[in-house]
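**Q** Just passing along the structure, written as structure tokens.
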Amino acid sequence: MMEFLLLDVDKVLRGEEMRRFLVDRASIENVNVVQQEAELEPPPNVVNEFNPNEIVRDPVRGRSRAEGRTITNLHHYRAEIFYVAIDKICVEMDHRFSEGSNIILDCFSCLDPKNSFSKFDVDKLARLADIYHADFSDDDRGTIRDQLETYVLQVRRNASFSTCEDVQSLAMKMVQTEKHLVFPLVYKLIELALILPVSTASVERAFSAMKIIKSKLRNKINDVWFNDLMVCYTEREIFKSLDDIDIIRTFTAKKSRKGHLPRNFI
């Protein structure tokens, strides 16, 4: 009899422990759900702080906070931060790319063969002949407009030009189809579009090299010598491939010197 009573008491205790365990687990899960909901919902002060229509008082430098301007958050972030940053970026871009450079880039973009030469503009391309008048004679500037109109009609009908993706592939396709002989003025414009970026980069490299070569310790340098040093520095990759023995032989073969090099030197 005592054994049955002990078994009943044990069952009751185990049931009570299980009930407490389930209650505690449900309480913990409920707390976790409440915490997750609290994390998803931003605090009221954050919403009010970034309310775009909230009226705030902007302090003025040199005056008390009570004498500041009354503006909204939207006006502060849009007019005083975003617009100012965009304006500074535009000013820096204008300093980097002048108005003349933008006009030239806009004109050269008309040679883009994408979408069946959708950007092709005869007036802008004819203007390039006036800008680079040293490369085009008066007769060329008079006939280039007719040549451009005929050129764009033919390349749009030719299926082989539809695969061109840039000006470089367009120039290669013109040579393959011998269109560069039919439209020499148009091909000259394409050559200018390919050469000018390289020449501009070469000029920038030359000016950077001038600061290295002509230093404070070497400020009295002859123009001819300075030009030779500039060529050697800017084209140093080519000069590295030259053999020193060939340079010495060429130098000694020019004319006789006061001090001759020994025969076994070469």
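Think of each number as a place in line: the chain as shown, counted from 1.
Even glycines carry a Cβ here, placed using N, Cα and C.
According to TrEMBL, the domain 'HAT C-terminal dimerisation' annotation covers 178-229.
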**Q** On average, what pLDDT score does this prediction assign to the domain 'HAT C-terminal dimerisation' (178-229)?
**A** 79
**Q** Summarise the domain 'HAT C-terminal dimerisation' (178-229) by DSSP state, stating how many residues are helix, strand and coil.
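**A** Going through the domain 'HAT C-terminal dimerisation' (178-229) residue by residue, I get 44 helix, 0 strand, 8 coil.
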